[in-house]
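To start, the structure itself, in structure tokens.
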Amino acid sequence: MAGRGFVNLPSRMNDMPRSRTSLKADPLFGLDSRWSWITAGLCGWVLFTSSISNRVSGVIYYGIIETFQVTREEASWPVTLSSSCFSLAGPLMGYMCRRFSCHTVAMSCALITGLGVMVCYFAPNLLFINIFYGVVHGVTMSGIFVSANVVVAQYFNKRRTTACTIVFTACGLNALCMPVLTEYFRSHYGVRGTFLLLGALIANSFPPTISIRSPPWAMPMKAKGDVERKPQMVPLNPHEVPNEPIKGLLSGSIAEDKIHRQKASSANWTGSMDSFSIPVADGRETTPALPSLQETLKNFITVPFLFDSSSFAVIIFGLTTFMLLSVDLAKDRGIVPSEAVYLLNAFCVGDVIFRAASGTVIDSGHLSLEAVMSLGYFLQAVMFEALVWCSSLVTLLLCSALLGVSNGFRIGLQAPVLVNDFGVEVLPLMMGGMTFVIGVVTLMRPKLIGHYRDVHGKYDGLLHIVACANVLFTFIWTLKLVCQRRRRAKLANIVAEQNSSK
């Protein structure tokens, strides 16, 4: 075209991708940055509101017995289904996070989870509650839990354990106020009104999910052909172009260098950075793609996965069992429900304090992760055995607080344990697989409750079983701690010998 020349330029020079290393090192939006802690706070908000039902399961359980006049085994099914579906849906939610995004899963589940509880206001029978409170609410809670944990783990490296435990600490704060408030709802509005009001509170988990999304360096790489941008023809004013022919500008080594740089940049992350409000620039670093789904699934049949998932299955089983039985257990000891709900408050105090402390202790190097896990199992074993013999409110409150300590020690370590064994790249599916195992174990509880409470008249046998399981894992984690210290000592000796030989 006369009077004008055309050159091939990228459509948006300022949007060319940065390397993943530079994105991770960004002081405002990279790993362990200010935005990382903001994201952790939003995840804590989501888990605080979405997990309210878990903290008040004992009040719901007692309310169902009172309203529907069913056995304790039958009354335990809605609460057990909720926690089991929460866990059993983990692999599906992990795959959904991988297939779509943590942001999409978190928003969708947060939108539905509160509604699943609210509709129980219209429940004509227990089956209705089993479906909506047990299945719908449980599955959507799983999506929120998996996506929030994965996002927090992706945003941190040096402070990952601290961040995970802080998020779980914020999540556990709901046990300070919600049991008393829920008991007030139950005594004034019945269990149906309680479902309606709790569902409205749980629905507040939706707003923060709008801003929760995986960091740019955690986005899966696209194929080169999908991410290369088509060049755009940009007209240039002939007065602004040197006298040399335009064809000469694009020939030889100059043109080849442009093509090389464009191909090199196509291997980088190319997601939009608009939502992060940070500039993007060109980079040539390439990052390997995520492990294939088949490679990731092979981890599910390894010994480390079976050990990790079984370990946390015992922790969650003990937690949910105490939450479910606390009010009815105290009532069996002659304590009225309005006072029994304070057992959950005592539990929360110990739980919250040590949730925050355990991550800091591990990251600072004062105790290893294995040592913290072993101490937590030992304390929980002692306290569950002590619950068998406690008969007064004071002793039950003390046991509840110490049970909270044992739970707080370990509950926030799920993501760090899996990252240590399998890496952060496969965390969504591994977290989902772990929660599935937890759900399978939890499904055994209604039969145990029916056997020990409905048949034998007390919960002592169930408490003995939980205590014995904790004793077993105390021994296993202690053995793992000893083996790890021996390996480290042997490695230190080898390094010392090599240095001395030099």
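Cβ coordinates come from backbone N, Cα and C, glycine included.
Marked as transmembrane segment by TrEMBL: 105-124, 130-151, 193-212, 305-327, 377-405, 417-441, 461-483.
With a cut-off of 8 Å between Cβ atoms, the residues of this chain six or more beyond the transmembrane segment (193-212) that come close are 39, 42-43, 45-46, 49-50, 52-53, 56, 59-60, 63, 102-103, 106-107, 110-111, 113-121, 123, 129, 133, 137, 144, 147-148, 151, 182, 185-186. Among residues of the same chain six or more beyond the transmembrane segment (377-405), those with a C-beta under 8 A of the stretch's C-beta atoms are 314-315, 318, 322, 326, 329-330, 333-335, 339, 342-344, 346-354, 460, 463-464, 466-468, 470-471, 473-474, 477.
Taking Cβ pairs closer than 8 Å, the transmembrane segment (305-327) reaches residues 54-55, 57-59, 61-62, 76, 79-80, 83, 87, 299, 337, 340-341, 343-344, 347, 373, 376-377, 380, 384, 400, 403, 407, 410-411, 414, 417-418, 421-422, 430, 433-434, 437-438, 440-442, 445, 449, 459, 462, 466, 469-470, 473, 476-477 in its own chain, all 6 or more past its ends. Remote same-chain residues near the transmembrane segment (130-151) are listed as 39, 43, 46-47, 50-51, 53-54, 77-90, 92-94, 96-97, 102-103, 105-106, 108-110, 112-113, 115-117, 119-120, 123, 164, 167, 195, 202, 205, 209, 212-214, 414-415, 427-428, 431-432, 435 (criterion: CB distance under 8 Å, separation of at least six residues from the stretch ends).
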